[in-house]
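Down below is the structure, laid out as structure tokens.
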Amino acid sequence: MLYMIGLGLGDAKDITVKGLEVVRRCSRVYLEAYTSVLTVGKEVLSYYIQGQDLGLSSTSQEEFYGRKLILADREEVEQEANNILKDADISDVAFLVVGDPFGATTHSDLILRATKLGIPYRVIHNASIMNAVGCCGLQLYRFGETVSVVFWTDTWRPESFFDKVKKNRQNGMHTLCLLDIKVKEQSLENLIKGRKIYEPPRYMSVNQAAQQLLEIVQNQRIRGEEPAVTEETLCVGLARVGAEDQKIAAGTLQQMCTVDLGGPLHSLIITGGSLHPLEMEMLSLFSVPENSSESQSTDGL
């Protein structure tokens, strides 16, 4: 059996009881390591599987789960999926995903590959950023299509996703922006020369996303277009959702350029215009001071 197991958003203990029971009996356990990250490192999940309670302040994922974890990067999952599925028809193999297993299309592809090989599968769900964003007070049923904001380069500065933001705004819907993660990425030079040398991990912050969005707004004005979003559009920045040090800040898109939410992972919400009174009241818990030029945020925990 191939088990696709969601780990939730916070730390190692966010795995469900059902998921933990399955991991303990699997012959191999893979940890997907490129669509998202937990707030603890890979060496954090192991002895817990053997019933040992070591606490998480100084332990790793491997220690918490009591098992050796095989890191599965993008190349492994997308190009070497057969290695993951090997012998899964005669033994149990677990594939661990931060958040929910269906938060990335890659994981659907792994299931399709397993099915074609006659390998049965089972999915054990968990919380993901797609529903946990409700912690800021915006109502989930008022969200439109989710978009991804990628790191720009000198030669690649995509703006096409902004059409979806515009459509959501026209329909009065909020937009969840998933911010880019660069893990085990190669520079163009190393890629061309075939050198397995990787760049340090990078995680887009709310500040960086807001700056790119403002540049898109300015570009639209230059082209004579009426932007659906302006510097004064109400936005919500979120960091480390589900963790004890979760941070939320509500303010204008301009303010999102300077608000300090700390370390990764970050997400950004562009509101859909008119808000329900309950949404407004909830966002007031996290509002950035209007006249503040300092990097501030309110965490409402």
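These residue numbers are counts, starting from 1, taken along the chain as shown.
Note: Cβ is positioned from N, Cα and C throughout, glycine not excepted.
What TrEMBL records for this protein:
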- Leu9, Asp100, Gly103, Ser128, Ile129, Leu179, Val241, His266: S-adenosyl-L-methionine binding site (BINDING)
- 1-255: domain 'Tetrapyrrole methylase' (DOMAIN)
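Taking the features listed in TrEMBL, we show where each one sits on the structure.
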residue: Asp100; record: S-adenosyl-L-methionine binding site; Cβ contacts under 8 Å, 6 or more apart: Gly6, His125, Asn126, Ala127, Ser128, Met130
residue: Leu179; record: S-adenosyl-L-methionine binding site; Cβ contacts under 8 Å, 6 or more apart: Ser148, Val149, Tyr203, Met204, Ser205, Val206, Gln208, Ala209, Leu265, His266, Ser267, Leu268
residue: Val241; record: S-adenosyl-L-methionine binding site; Cβ contacts under 8 Å, 6 or more apart: Leu9, Ile129, Ala132, Val133, Cys135, Leu265, Ser267
> Which value in Å gives the longest Cα to Cα span across the S-adenosyl-L-methionine site residues Leu9, Asp100, Gly103, Ser128, Ile129, Leu179, Val241, His266 as recorded?
Replying inline: 17
>> Looking only at the domain 'Tetrapyrrole methylase' (1-255), what is the model's average confidence as pLDDT?
In response: 84
> On a count of neighbouring CB atoms within 10 A, which of the binding-site residues Leu9, Ile129 is highest?
Replying inline: Leu9
>> Quick check on the binding-site residues: of Gly103, Ser128, His266, whose CB has the lowest count of neighbouring CB atoms inside 10 Å?
In response: Gly103
